[in-house]
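Quick notes on the structure that follows.
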Protein chains: 2
Amino acid sequence: MASATPATDFTDGEAAAMDVALAAALQGPRGANPLVGATILSPEGTSLFTGHHRGAGTPHAEADAIAQAQEAGADLSGCTMLVTLEPCNHVGRTGPCTEAIIDAGITSVVYAVDDPHDPAAGGARTLRAAGVQVRSGLAAEKALELNRRWFAAVAALRPFVTLHIAQTLDSRIAAEDGTSQWISSPESLADNHAIRRRIDAILVGTETVMVDNPRLSAREPDGTPSSAQPVRAVMGLRGIPANAAIRGDDGLAHHLPTREPKEALAALYEAGTRHVMVEGGSRILSAFLTAGLVDELIVYLAPTLLGSGTSALNGLGIGTLADAQRWEWDAADGGSVRSLGADLRLHLQPQHPLSSDPRNAAEPAQKGS
Amino acid sequence: MASATPATDFTDGEAAAMDVALAAALQGPRGANPLVGATILSPEGTSLFTGHHRGAGTPHAEADAIAQAQEAGADLSGCTMLVTLEPCNHVGRTGPCTEAIIDAGITSVVYAVDDPHDPAAGGARTLRAAGVQVRSGLAAEKALELNRRWFAAVAALRPFVTLHIAQTLDSRIAAEDGTSQWISSPESLADNHAIRRRIDAILVGTETVMVDNPRLSAREPDGTPSSAQPVRAVMGLRGIPANAAIRGDDGLAHHLPTREPKEALAALYEAGTRHVMVEGGSRILSAFLTAGLVDELIVYLAPTLLGSGTSALNGLGIGTLADAQRWEWDAADGGSVRSLGADLRLHLQPQHPLSSDPRNAAEPAQKGS
C-alpha cells in the first residue's frame, strides 16, 4: 500500500489513459468485487489495450488488458499500466495481478486508489520489490466514487447488497389474488438468472416462500440448472416448510431466524457471502431500504398496470416528501436504463450524500403547478 | 375521399418514400390532430423534402414539406407527394393542404388512409378536381396503426385523452402527509407545461383541487403565463371552492358535475375540446384507466422512494395478473423513454388488441423462479 503521489507526478497522457480505464470499469457489473478498469500505455504514450473486470470469478482488469495484448502479440516491456484500483496480490479464483504485470514486463504502474483489504498484502509493495515503478492517487476521487458503495460494504464487513424488484408501472409485485408469475418479460427473467449465476447468495423472506414457493436456483436459458449456484437464504422467524421448493437437494438452502437485515447480512458474511441479492417480498425489500443497506437497486419495470394487489414496498418510515429516499442512475452493468423485451431494466444506486438534489433547485417559476 | 388503390399501383420508390413519411410522422406529439408525415418525391424518384406535423396549431405535414422545398428554392412541378393521411381541405388554424399542394405545382399525391372526418369534405376530391393524380392505400395498415387511438377517439366523438402521472419509483404521487410538490424534476415540470400549451383542456378531480389547490395554468419556463391556455376542468360531485386557485380570472375554469369519465369527456367534446390531459388525482386516473378511455400515458418517473403515501392508482377492478392492463411503448413525441433531469419520462399507449403478449410466450424454462 503506497501513500498518494501528488497529481503533478502524472502526465496528461497518463491522466487520459486513466479516464479510459475508469470508463471501461463501468462496463462491469457491481457485486462482490469492485468495478475496475485498466489501460496499458506504450512508452510512446499511446494507449494500447484496455481491460475491465466482468464480475466475480472472471479475470481482473489488469489480466484482461494483458491477455488482450498477448493475444495481439504485443510486447509490453517498458509499458505503463493505468489501473483504477491497486493491483491485487492474492490468489483468489484468479491468479494475482501483480504476477501477471511483472511477467508481462510492464515497468511502471499507476493506480487510482488503494485496495481496502488487508493493507500488508497490498500489491504495490510486491510490484516495487520486483522493480516496477509504482505511483498512485491519479483520479482517486473518481475511482472512490465509482465504487463508493462497495468500499462502504467492505469497511462494514458485510456483503454488497443488490435489491431486485420486478414490478408493474404502478409498482405492484402481485395481483390481488397473489398471482405474480410473471409480471416480468422472459428477457427480464433471464437477466435475473444471469445475476443469480454470479452472486454468492440470494435472500428472501419466509412470506415469499409461503406465498410463491420459489426454487430460487440459477438456471440457464434452456431451463437447466447453472453450474454456479448461489446460497438460498430465507430470513424470518417462521421456519421453512419441509416441502418448500427452495430446500432443493444440494444443501445450499439456509434459514436465517431474524427479521433484522443487519443480522441477516452478518450471518451471510460470516458464511463467506460477499454479494447477496435480495429478491423480496415487500416486507424484506422495505426493511433493507429502511436500514440503508441497499447498495444497488435493479427494477424490472413491466409496461402493465394492476391498480391493486401487493405494493413493492410496504413502508419506509417516511412521512413527508422532503424525506423521500433519493437514488441516482447507475451507468454500470450495461447502463442505467435498458430494454429487456417489453420491460425496462432500471439500475440505480443510493444518491451520493454530497449530491445536491435537483428538486431543491426548482425555479420559483415552477411552483404552484 | 377515394377508395383504396391496389398495392401494385405503387412503385418501390413511392413505398420507400411513404416509409420515410411514416417515420417522420412519429416525431410529432399525439393529441387533437393525428401524427402525419409527408415526403415529396421528384420526377426522377428521389426523395426531396420530408415534413411532419408538430401538433395542434402548427403547419400540417404537407405544408411543412412544401415550406422546406420553397425555402430551398426547389421547383416542385411534376413532383409526387407521399402523405400518411388524406390531405385536408378545410381552413382550420392553418390553411387547407389541398391548396398548398395545388399551388406548389405538385401533380401527383399518394396517401395512406382517408381522413375520417366528414368524407364529403375530403381533400382527394378537391385535388382531383384540380387535375392532380390521386392514389391511396399505400401502407394503409401502418398508417392506421400509427394513429390507432386517435381514429378511435374521432369515431367515438370524444377528445383524445392523455393521462399524466408524476410518481416515484414505487408509484407514489404524494407522501403520507399529502406533500407532492415536487415529486418530479424541474425538467419534467417544464415538459408538462409544454404539453399544457398545446392541449385544449386539463382535467382533474375535485379531490386534487381540495388537497393541492393547483393553478393548472400553462406557464413558460420563466414562470409567466403562456399565451395559449387550456380550459381547466374539474370533475366530481363537490363544487369548486370560491377561493380555489384553479378558478383564475380568465373564465377558463369549468366544473363538470360527474364522476363518470365518459360523461366528462362528452361535456368537454361538446365544448370543443379535442385533446384533454387528465392530471389526477388517483381516483380520476383510475376511473379513466378502468373505463379504457386513455389513449396515451405519460409517466414522469422520479428516482425516489416513499414506501407509503398516496398510490398513483387506487384500483382498476383487476383481481389477477392475467387481467393486468397491458401497454406498449410509444415512440412518438421524442421517444418512449426520455431523460428529463433526474427523471425518466415514459410514453406508452394501450397495447394493440391484436398484439400477442410476450409474457404468454415465456419459455417453460423460466417457470418456477
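In case you wondered, yes, glycine gets a Cβ from its N, Cα and C as well.
Here is what TrEMBL records for this protein:
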{"type": "DOMAIN", "residues": "B:12-135", "note": "domain 'CMP/dCMP-type deaminase'"}
{"type": "BINDING", "residues": "B:HIS60, B:CYS88, B:CYS97", "note": "Zn(2+) binding site"}
{"type": "ACT_SITE", "residues": "B:GLU62", "note": "active site, proton donor"}
{"type": "BINDING", "residues": "B:ALA166, B:TRP182, B:THR208, B:ASP212, B:GLY281, B:SER282, B:ARG283, B:ILE284, B:LEU285, B:SER286, B:ALA287", "note": "NADP(+) binding site"}
{"type": "BINDING", "residues": "B:SER180, B:ARG196, B:LEU216, B:ARG219, B:GLU279", "note": "substrate binding site"}
{"type": "REGION", "residues": "B:350-369", "note": "region 'Disordered'"}
Secondary-structure category, per DSSP, in which B:GLY281 (NADP(+) binding site) falls: coil
Tally of residues which DSSP labels helix, strand or coil - the domain 'CMP/dCMP-type deaminase' (B:12-135): 42 helix, 26 strand, 56 coil
Near chain A - the recorded positions B:GLU62, B:SER180, B:ARG196, B:LEU216, B:ARG219, filtered by Cβ distance under 8 Å: B:SER180, B:LEU216, B:ARG219
Binding-site residues compared (B:CYS88, B:CYS97, B:LEU216, B:LEU285, B:ALA287) - the one with the fewest other Cβ atoms within 10 Å: B:ALA287
Residue from B:GLU62, B:ARG196, B:LEU216, B:GLU279, B:ALA287 whose C-alpha is spatially nearest that of B:CYS88 (Zn(2+) binding site), among the recorded positions: B:GLU62
Which recorded positions sit within 10 Å of B:LEU285 (NADP(+) binding site) - Cα, from B:HIS60, B:GLU62, B:GLU279: B:GLU279
Nearest-integer angstrom distance between the alpha carbons (Cα) of B:CYS97 (Zn(2+) binding site) and the residue listed as 'active site, proton donor': 6
Inter-residue Cα distance where the pair is B:SER180 (substrate binding site) and B:ARG283 (NADP(+) binding site), in Å: 16
B:HIS60, B:GLU62, B:ALA166, B:THR208, B:ALA287 filtered to the recorded positions whose C-alpha is within 10 Å of B:GLU279 (substrate binding site): B:ALA166, B:THR208
Chain-internal residues near B:SER180 (substrate binding site), provided their CB is under 8 angstroms and they sit 6+ positions away: B:ALA166, B:ILE173, B:ALA174, B:ASP212, B:THR310
Structural state of B:LEU216 (substrate binding site), classified by DSSP into three states: coil
B:LEU216 (substrate binding site) to B:ALA287 (NADP(+) binding site) - Cα separation in whole Å: 20
Nearest recorded site to B:THR208 (NADP(+) binding site) by CA-CA distance, among recorded positions B:HIS60, B:GLU62, B:ARG196, B:ARG219: B:ARG196
